[in-house]
Ligand SMILES: O=C(CO)[C@H](O)[C@H](O)COP(=O)(O)O
C-alpha cells in the first residue's frame, strides 16, 4: 500500500460532476490527478485548473479538461499535497517549487483538501525548510533580509544553476527549525521587497487526508 496514493484516492471521492477542480503539484497530488483522470474516462464531467506546468501536462495526457484561469470565477475544490501539516491544518508547501501558483489557486478555492502520508504531520511547523519564492533581481540583498529573520536561507539549485520556478523566479529555502508564530512570519516574509510569496499556508486547508502504511486514511 502506498500511503500517498490511498490518501489521494480517498480525497478524489469528493469530486463531483460540474465542479471546477484545482490540481495540486507533487508526488501525492500526482495520484489524485491519476484517479481524476480515470474517473473522467468513466464519464465524470469536470473542468480543472493546474498549479504547475507539470500537473497541467499530466492532466492533458489523461484527458482532464483544463481551462485558463482567466476564464473562471470560482474553484470548487483543490486537492494538493504538503511538506508539513500541523494539528491546526496549517501547512508548509513549496517543496516542489509550485508554492505561488498553489497559493493563488488555494486562496480562490471553496475547499482546499490536503493529501499526504503520515511523515508530513508535525506538532510545530519549521523542520522542513520553508520555501520562499524571490525575484532574481537583488537576490543577495533579499537573502540578507531573510537572514535577519533567522531564516538561514539557501538558494535552491538545479545542478550548478538556481532552480527557476514556473513564474521565472528563484526559491530561497529557509531553515527556521520551529516556527512559533506562523501567521506573523508569513506577514513579515511577504513585506520584504523581492519576496514574491512564501510557503506558509495558514488557515487555508479545509481538511488533511493522511494515508497510513496499514492502508487506512485519517482525516484531520
Ligand atoms: O507544495 C508542493 C509543491 O510545491 C507539494 O505539494 C509538496 O512539496 C508535497 O509534495 P509531495 O507530495 O511530493 O511530498
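Backbone N, Cα and C define each Cβ position, glycine as well.
The record from TrEMBL ties 25, 26, 27, 28, 80, 81, 82, 83, 93, 94, 95, 96 to substrate, and of the options 110, 120 it ties 120 to that site too. Counting only the Cα atoms, the space from residue 27 (substrate binding site) to residue 102 (active site, proton acceptor) is about 14 angstrom. Distance between Cα atoms for residue 93 (substrate binding site) and residue 102 (active site, proton acceptor): 8 Å, as a whole number. Within the set of binding-site residues (25, 27), the lowest number of other Cβ atoms found within 10 Å of a Cβ is recorded at 27.
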